[in-house]
Every structure is written in structure tokens, then in C-alpha cells.
Amino acid sequence: MEYAGKDAQLWAAIGREEQRQEGTIELIASENIVSKEVAAAQGSVLTNKYAEGYPGKRYYGGCQFIDQVEQLAIDHAKELFGAAYANVQPHSGSQANMAVYQALLKPGDTILGMGMDAGGHLTHGSKVNFSGKLYHTYGYELSPETEELDYDAILAQAKEIQPQLIVAGASAYSQIIDWDKFRQIADEVGAYLMVDMAHIAGLVATGYHPNPVPVADVVTTTTHKTLRGPRGGMILSKSEELGKKLNSAVFPGTQGGPLEHVIAGKAQAFYEDLQPAFKDYIGQVVKNAAAMAEVFNESETIRVVTGGTANHLLVLDLTKTGLTGKDAQALLDSVMITTNKEAIPNDQRSPFVTSGLRVGTPAITSRGFKEDDAKQVASLIIKALDNADDQTILAEVKEAVHALTQAHPVD
């Protein structure tokens, strides 16, 4: 598209990024490809409008149509997850989490969340994050034997530290999470239960993972990842009464004017998520991840953490390859496969290096990849990592990647 007075360097960079996305197999589990309708809504004239407040209660005039847009997003979100309350204004998942902490806690209170090397997120209590600076935070780990959540150990830890808030949910955990067991743990120690379902929200919406909304006090999520919406955040609850505190924590507590053009993109994405085709899509995401796990499990050098996956992602232990996660990520980048380095349970390397990779199937599934394609991608990863110094083989992998991306263009 041509624009008068455009910044040529900017648009050249955007064009190169478009080419990169077209020519790359995208396996970062938190990335996806939005529809043209979502992109159009986000690029609409709503970006011009300031709208501090909430529908029907704004601090600016001229918000009558903005109110309609935001209310649609709220209504679609509530229907999608069976929630009594939804706030679609958080700019990100991190800001959604921050707002919940502000609503439920006071500085110095104690949070028990998933440890980073167990698959948790920065905002679940990392000492370099606001969550670890404003609150006393502790991380629960995985069972050394199964590499899955050990609910008895989490209960024992909760009894010991007596947290005011327990955070369930992960950014790199491949198995089903038992929300009811977390509810029992929280009730036993008198804590609030917050679920961060950012990664699995699309699976929850379609029944491929149990729904935490009826169980938890508060649920947060991003709106991209498996929901295929714009980058943003959202807060859900079964309690309208608690929703009043949450609204105040978002605005004016942690944010000013909402990004209504992004909220329009959220509304469009949620509308798409309510259609039958979205359930088919998520089903294929899960099948593709399982197909990749099957291939990786046959490798002599790559180990799948937990032995498999029940959702959209896998964590790969690269110890036997002799490569760090950082090295493997760079190597795969060179053959046009995009992944991210990831800590494995009890990883001794720093988060900037790691001993593993995280791979996910949302983006390739949006491009129409099926199980056989996913298996081929896994085989190409193994081939590349097992032959890291062989430029001839790496060139073969890159050529095969090119063929796959040509066969499955970004719509």
C-alpha cells in the first residue's frame, strides 16, 4: 500500500518483516497469525480516540461508538469463557496480572507461583519483575520424577509460607493443570486463587483444557497466542462484585486511556473464536503438537520434557546434543525455523543461555499445517541440531523449510 509522506525506511523494515514471516516456520508458542479482519480492526480510526473510563462512564465526550465496540468485546469474552465479569482494557498479560495483584494484595504480601525453571512467567514472582519487587514471592517446582506439577508438595509449601495469593498457570508447561486441586490448596491456606491461562486460553475456550473461570477467584490471559487476537490482556472472573475492585485496579489504578483500536481487534478475534471453525483449528493445534512430540521421542539426542504434550507446546531438553538453548535457537534461525531458548526443570544454566527449547504449533496450524507437516518440521529440527557443523545438511534443511512455507502461505 502506498502512502504520501511515508517513512521509506520504516516501511522497508515492515516489508522485510512480512517476508520473514512468510518464509519462516514460526514455532514460538506465544506467537500466532491474526486474521485480516483483526488486523483491519486494530488499524482502524479507533486509534484516534481517547476513552478513559468504561462503557457508559467515560471522562471524555464522543465515546458512544467506542462504548459499543468495547461492550462487544466484553460480551464476546464473557460468552467465550462463561464469565460473569470481563475487563478487556489491559494492554498486556503482564498488566492484567499487575492489576489483579493491586486489587487483591498490599505491598509485602506473599505470592506463591510457578518457578521460572518449572515453566512459570516473570510476573508470577521473578525477583527481576515488579511481582518479585513489590511482594514476597516463592516458586513451586515440578516433581523430579514426572516433571509434572506435584500438588501435595505445593500444598505443603503453601502451608509453610501462608501466601495471600496462589498463582496457577504457566508459560512453558505441556500438561493439563488441575484447577480444582489448586482451589483446594488455596482454600486450605485462606489464599486467593488467580489463574494465568495466557498460553492455553484458546484450548480452554474450545474444551481442550478444563476451564478455570468457575474455579478461580480471578483469571487473566493474553488475547493473542492461542486466541489468535491482537497483542493485549484481559481479566475474567465468576464474581461481578470482585469485578468492581478489578476495574478500579485497571483504571485508574495501573492504566489511563484504553487502546480502543486494540480492543476492537479483541472483539473481532473473540467473535471468530466463538465460531465452530475455531474449535477445529484448536483441535489441529493439539494434534500437531502431539505429532511433533512423537517424532522427538524417537530422537536419541533430544528429550521431550514430561515425555509428551497435552496442549500446544513442547519443551525440549537439548543436553545430549551438546548445544545450549541459545546456540540451538541461533542455529535454527539460520535455517528459517524460529523457536526460543527455554529453561528445563532444574536448569543449571542462566535464563539467557538455558539447556532447552520451547516449540509450539499455533502459528504453523494457522498456515494450514497438518500432522504430517508437523512431523516433517520436527524431523528437520532434529536433522539441523544433530548436524550443527555440516553446512551441506543445514542447506538441505533450509531448502526443505522453504518448500514447506511455499506450500502453506500466510493468508
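For all residues, glycine too, the Cβ spot is worked out from N, Cα and C.
It should be emphasised that the depicted structure is a prediction, and the values quoted were computed from it without experimental measurement.
Taken from Swiss-Prot, the feature (6S)-5,6,7,8-tetrahydrofolate binding site applies to Gly120, His121, Leu122, Glu241, Ser350, Pro351, Phe352. What Swiss-Prot records for His224 is site 'Plays an important role in substrate specificity', and it gives sequence analysis as the kind of evidence. Annotated N6-(pyridoxal phosphate)lysine per Swiss-Prot: Lys225, in sequence order, evidence recorded as sequence analysis.
Structure with Swiss-Prot features highlighted.
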residue	record	DSSP (3 states)
Gly120	(6S)-5,6,7,8-tetrahydrofolate binding site	coil
His224	site 'Plays an important role in substrate specificity'	coil
Glu241	(6S)-5,6,7,8-tetrahydrofolate binding site	helix
Ser350	(6S)-5,6,7,8-tetrahydrofolate binding site	coil
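Reported as a whole number, the C-alpha separation between Pro351 ((6S)-5,6,7,8-tetrahydrofolate binding site) and the residue listed as 'N6-(pyridoxal phosphate)lysine' equals 22 Å. In this structure, the C-alpha atom of Phe352 ((6S)-5,6,7,8-tetrahydrofolate binding site) lies 22 angstrom from that of the residue listed as 'N6-(pyridoxal phosphate)lysine'.
When each of the recorded positions His121, His224, Lys225 is scored by how many other Cβ atoms sit within 10 Å of its Cβ, His121 comes out lowest. Listed in sequence order, there are no same-chain residues at least 6 apart in sequence whose CB falls under 8 Å from the CB of Glu241 ((6S)-5,6,7,8-tetrahydrofolate binding site). Cβ neighbours of Leu122 ((6S)-5,6,7,8-tetrahydrofolate binding site) (same chain, under 8 Å, six or more residues apart in sequence): Ser94, Met116, Val128, Asn129, Ser131. Neighbour list (Ser350 ((6S)-5,6,7,8-tetrahydrofolate binding site), Cβ cut-off 8 Å, at least 6 residues apart, same chain): empty. Counting every protein chain shown, the number of other Cβ atoms lying within 10 Å of the Cβ of Gly120 ((6S)-5,6,7,8-tetrahydrofolate binding site) is 25.
All chains included, 9 other C-beta atoms sit within 10 angstroms of the C-beta of Phe352 ((6S)-5,6,7,8-tetrahydrofolate binding site). The (6S)-5,6,7,8-tetrahydrofolate-binding residues named in the record, Gly120, His121, Leu122, Glu241, Ser350, Pro351, Phe352, extend over a maximum Cα to Cα distance of 42 Å. Here His121 ((6S)-5,6,7,8-tetrahydrofolate binding site) is positioned 15 angstrom away from the residue listed as 'N6-(pyridoxal phosphate)lysine', judged by their C-alpha atoms. The Cβ of Pro351 ((6S)-5,6,7,8-tetrahydrofolate binding site) has 15 other Cβ atoms within 10 Å, all protein chains considered.
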